[in-house]
Amino acid sequence: FIIEYEDAMHEPGLWHHQTEVPGTQTTAQLKLSPYVNYSFRVMAENNLGRSLPSEASEQYLTKAAEPDKNPTAVEGLGSEPDNLVITWKPLNGFESNGPGLQYKVSWRQKDGDDEWTSVVVANVSKYIVSGTPTFVPYLIKVQALNDMGFAPEPAAVMGHSGEDLPMVAPGNVRVNVVNSTLAEVHWDPVPLKSIRGHLQGYRIYYWKAQSSLTRNRRHIEKKILTFQGSKTHGMLPGLEPFSHYTLNVRVVNGKGEGPASPDKVFNTPEGVPSAPSSLKIVNPTLDSLTLEWEPPSHPNGILTEYTLKYQPINSTHELGPLVDLKIPANKTRWILKNLNFSTRYKFYFYAQTAAGSGIQITEEAITTVDEAMASRQVDIATQGWFIGLMCAVALLILILLIVCFIRRNKGGKYPVKEKEDAHADPEIQPMKEDDGTFGEYSDAEDHKPLKKAVEHLQTGLKKEDSDDSLVDYGEGVNGQFNEDGSFIGQYSGKKEKEPAEGNESSEAPSPVNAMNSFV
């Protein structure tokens, strides 16, 4: 069973957890607080959850009693140099234990022999003590009481009256320049009593001396660095080389800064310069280039010289040999001579001080082209193109001639015709296409195919019933052909036909058969 209560006097309508008892009990003994108007209700609970609460009981008012506890979070801080503000967290109504809740506030200086000073105030959370010395430690107590009496004696806490600005500046300020951009500052601490507050640290103000160009500005740009606690030294980074600086040191408390120490002056040494402000390459000629530049915006010292390095770049973007050249510091223009015409050059340029070389800038430029040389190159290129064209045409003609020659060897005029013309035998005279006779053989596209000519020849021979054969005209029994299809033997005139020698003798090849073999 879960028992809850309501304080109808101080927090009506709000139920609070009072206690829990085992489910076997039906009664409970409760420890109550004084001066509370109680109401109770009960809820049952098992493994599945809680029941609805019961109806509230009748109200029961407990008797009043003195407070049994005191306020918490007691502090003592001054808002002004001559006061002490005492604050605390008050008791709530349930903790008052009776009517007439008040607080007894007591204080005295920690280091003095003064008696406690006390005052009783109403149910508030702050009390201000005026007329106190500046930043003096105090012991403070806040005790609760009501109409029934006082709460137990509270423990004392320490506080301080109000702070004031520090009275003394740090002394014996010293500067150790580490390098061109870093310095270390040392100082002696101020006496604790002169701080008149909680020491928060020391603060360094430093600034660069104005040049003639910036002297007309209304305000000097000061930089501030704070070093926490009781440190007596600190580092100043980010200084500008070859510069004149001034600084002072101040102590800081909760109220503010104390007076500044006497100004301390120091100089940073030279450093490497920044890059030249600009680099231009003008007036290119066949063998020279003119360089113009602006000095570095931050020389960081006295410029001793400029360094110029350059190298050619070929058509494949490869870098050539590097040339190193020193230029006096008072120059802002330089002419480079004896360069190659129509050549790209890459330049590397930077300034120098006694501390070393600065940041470089790069640039590229091209010398001009020799017009006469360019014209000759154009003429040569034109002649080469023309000669190449002529060679291509000649090669094409030669190829065409070779093709024609090959085609003619494969299918030219048949040499037998010349032999046939030498004999007057009408049976083998060439025939014109008009009268159905066999004409000259050619494989040209405008003549009829050889096969058709052979057919005409066969038809003509059948009509004439000619028994002539190629053997009659050859030198031997069988006529032979060269590789090109012509007869090896020479015509010797028409021979007499020899009688057949029985069935075993084969017929001599006729011109038709020879032509078919050729086809």
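Cβ from N, Cα, C; glycine included.
Keep in mind that TrEMBL annotations are predicted by a computer and have not been checked by a curator.
Residues or ranges marked as domain 'Fibronectin type-III' in TrEMBL: 1-65 (among others).
Under the heading domain 'Fibronectin type-III', TrEMBL lists 67-164 (among others). For the domain 'Fibronectin type-III' (67-164), the predicted model reports an average pLDDT of 94.
Remark: secondary structure over the domain 'Fibronectin type-III' (169-271) totals 4 helix, 51 strand, 48 coil, with classes taken from DSSP. Sequence annotations record features per position, and here TrEMBL assigns domain 'Fibronectin type-III' to 169-271 (among others).
What TrEMBL records for 275-371 (among others) is domain 'Fibronectin type-III'.
Beyond its flanks by at least six residues, the transmembrane segment (385-406) meets no residue of its own chain at a Cβ-Cβ distance under 8 Å. The transmembrane segment annotation in TrEMBL covers 385-406.
The region 'Disordered' annotation in TrEMBL covers 415-445 (among others).
The compositional bias 'Basic and acidic residues' annotation in TrEMBL covers 415-435.
Residues annotated as region 'Disordered' in TrEMBL: 458-519 (among others).
According to TrEMBL, the compositional bias 'Polar residues' annotation covers 503-519.
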